[in-house]
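Everything on this sheet refers to the single structure shown next.
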Amino acid sequence: MLIKHTASVQWQLWIVAFGFFMQTLDTTIVNTALPSMAVSLGENPLRMQSVIVSYVLTVAVMLPASGWLADRVGVQRVFFSAIVLFTLGSILCARSETLNELIASRVVQGIGGAMMVPVGRLTVMKIVPREQYMAAMTFVTLPGQIGPLMGPALGGFLVQYASWHWIFLINIPVGIAGAIATLLLMPNYRMQTRRFDISGFILLAVGMATLTLALDGHKGMGLSATAIAGLVVAGVAALAGYWWHAHGNSRALFSLRLFKTRTYKVGLTASLLGRIGSGMLPFMTPLFMQVGMGFSPFHAGLMMIPMIIGSMGMKRIVVRVVNRFGYRNVLVAATLMLALISLSFPLVAMLGWIWLLPVVLFFQGMVNSLRFSAMNTLTLKDLPDRLASSGNSLLSMVMQLSMSLGVSIAGILIGSFAHHQVVTDSPAIHSAFIYSYCCMALIIALPALAFARVPADTTTNRTLTKEPGTGSTRLQQ
């Protein structure tokens with residue numbers, strides 16, 4: 001139990017918990033503020049997806065290096081640096097006067113965010129006994145669950161009653177306190193490390209960044225066709241280069257032996273495709289409510305809370321659902337249900353049934369959470385122990401990458417159908433959102449074809465179980 005920890009360990013757990021809170025709060029607080037940011041910066045609200053993409057893509061790129069840095073340099077130094085970078089990025093975001101300045105500032109913020117959560121997990125592993133690890137992780141991740149719940153409403157409140165700058169300024173006092181506490185209270189644990197695959201890291205980083213920028217380049221950044229073609233060629237070449245680099249390389253960042261496990265290969269591919277569609281939802285929903293329906297920022301933020309409550313509630317029963325119906329049936333059904341629910345949301349809103357919107361969003365959150373949890377455990381469940389850590393790291397990176405791709409595609413869709421002409425709550429913008437949601441529903445539904453290839457479940461020797469005191473799952477043999 002946590003009450004058995006010494007005072008110094010308790011303080012260290014609180015430091016990690018606040019790091020989790022800062023990082024997860026920032027993933028949702030910005031979405032509600034995008035239309036107001038656009039007005040302040042003189043930009044089109046339908047071109048603001050780069051503010052989210054820059055942060056999420058940076059997190060995806062930097063994740064593989066964070067654990068190695070913590071082991072090599074020490075968790076205290078890396079965690080302190082993460083908080084400082086995140087806080088500095090927040091200050092730069094608040095001072096931004098152009099969209100390009102804001103995007104660059106979000107990159108700085110993303111570097112800090114990428115190091116905060118994985119290094120926090122390593123810290124907990126080192127400061128508590130193994131038998132108390134799950135209880136400690138439950139304690140430090142609870143603020144991380146509260147962050148997404150507070151984010152949309154808090155962001156809407158600050159935008160409506162202060163200004164969008166305050167969604168970043170509120171990070172400053174928390175960041176300063178966290179940085180000081182880290183220096184004073186957190187030991188600088190280090191572990192012996194193997195040589196970091198810098199070549200593989202650079203190749204993967206270049207591949208992910210260039211392909212995502214190419215996708216967002218024309219609508220979001222105004223790049224020419226020649227520049228976009230160059231980015232695509234560079235991205236494909238970098239990823240092909242990594243495949244050649246990793247072939248037969250025992251020190252590769254991610255071993256190609258991972259893909260010899262069928263469920264991992266199918267699960268990772270389906271997770272990438274599935275999360276592209278799901279990644280559109282947190283961006284599209286508040287944008288539609290404000291630009292499409294004329295909701296105030298605070299009202300739009302409050303409307304997002306049922307979706308997050310539904311997501312958190314489903315985590316309590318997901319184990320029983322998967323064990324009862326099996327991975328393939330659950331994933332195919334949840335994918336198709338999510339597509340239908342997502343498509344129904346704008347239709348219900350335009351029919352004037354505002355009272356029904358929280359119900360739709362609640363079920364959307366439940367189904368999305370069910371699919372996420374099942375995708376994660378399916379992907380990792382058959383990996384041998386020696387590949388489990390590497391497989392989990394690659395899955396985490398793919399999750400972040402697919403979210404950035406989803407936001408980019410959502411921005412392309414709504415920008416194309418609206419022709420970048422924004423008249424709030426007008427028939428033209430309604431049509432643009434309907435067309436965008438139809439395309440989004442199709443993108444969400446397509447991974448059902450991949451999930452249909454998941455092998456039939458054999459639950460005689462494998463049972464999905466829930467870890468005590470957490471929302472996470474594991475497999476019993």
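The backbone N, Cα and C atoms fix where each Cβ goes, glycine too.
As given in Swiss-Prot:
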- 13-33: transmembrane segment (TRANSMEM)
- 50-70: transmembrane segment (TRANSMEM)
- 107-127: transmembrane segment (TRANSMEM)
- 139-159: transmembrane segment (TRANSMEM)
- 166-186: transmembrane segment (TRANSMEM)
- 196-216: transmembrane segment (TRANSMEM)
- 220-240: transmembrane segment (TRANSMEM)
- 268-288: transmembrane segment (TRANSMEM)
- 291-311: transmembrane segment (TRANSMEM)
- 326-348: transmembrane segment (TRANSMEM)
- 394-414: transmembrane segment (TRANSMEM)
- 432-452: transmembrane segment (TRANSMEM)
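By number of Cβ pairs under 8 Å, the transmembrane segment (139-159) is matched best by 291-311 from the list 220-240, 291-311, 326-348, 432-452. In this chain, the transmembrane segment (196-216) lies out of contact with the transmembrane segment (268-288); the count of Cβ pairs under 8 Å, excluding pairs fewer than 6 apart in sequence, is fewer than 3.
Residues 49-50, 53, 57, 60-61, 64-65, 68, 72, 223, 228, 231-232, 234-236, 238-239, 241-242, 245-246, 249, 251-254, 397, 401, 404-405, 408-409, 411-412 of the same chain lie 6+ residues outside the transmembrane segment (196-216) yet bring a C-beta within less than 8 angstroms of a C-beta in it. Same-chain residues lying 6+ beyond the ends of the transmembrane segment (107-127) with a Cβ under 8 Å from its Cβ atoms: 9, 12-13, 16, 19-20, 22-23, 26, 54-63, 66-67, 69-71, 75, 78-79, 81-90, 92-93, 133, 136-137, 140, 144, 186-187, 189, 396.
If one looks beyond the transmembrane segment (326-348) by at least 6 residues along the same chain, the residues whose Cβ comes under 8 Å of a Cβ in the stretch are 270, 274, 277-278, 281, 285, 288, 292, 356-357, 360-361, 363-364, 367-368, 370-371, 374-375, 377-378, 430, 433-434, 437-438, 440-442, 444-445, 447-448, 451-452, 454-457, 459.
Listed by sequence, the residues of this chain that lie at least six past the ends of the transmembrane segment (291-311) yet keep a Cβ under 8 A from its Cβ atoms are 28, 31-33, 35-36, 45-46, 148-149, 152-157, 159-161, 282, 285, 346, 349-350, 357-359, 361-366, 368-369, 422, 424-425, 429-430, 433. The stretch in 13-33, 166-186, 432-452 that contributes the largest number of Cβ pairs under 8 Å to the transmembrane segment (50-70) is 13-33. Beyond the transmembrane segment (220-240), the same-chain residues lying 6 or more positions past its ends with a Cβ under 8 Å from any Cβ of the stretch are 47, 49-50, 53, 203-204, 206-211, 213-214, 408, 411-412, 415. Long-range Cβ contacts of the transmembrane segment (13-33) within its own chain (Cβ-Cβ under 8 Å, at least 6 residues beyond either end) map to 2, 5, 51-52, 55-56, 79, 82-83, 86, 109, 113, 116-117, 120, 123-124, 127-128, 136, 139-148, 150-156, 158-159, 164, 167, 171, 174-175, 177-178, 181-182, 185-186, 282-283, 285-287, 290, 297, 300-301, 304, 308.
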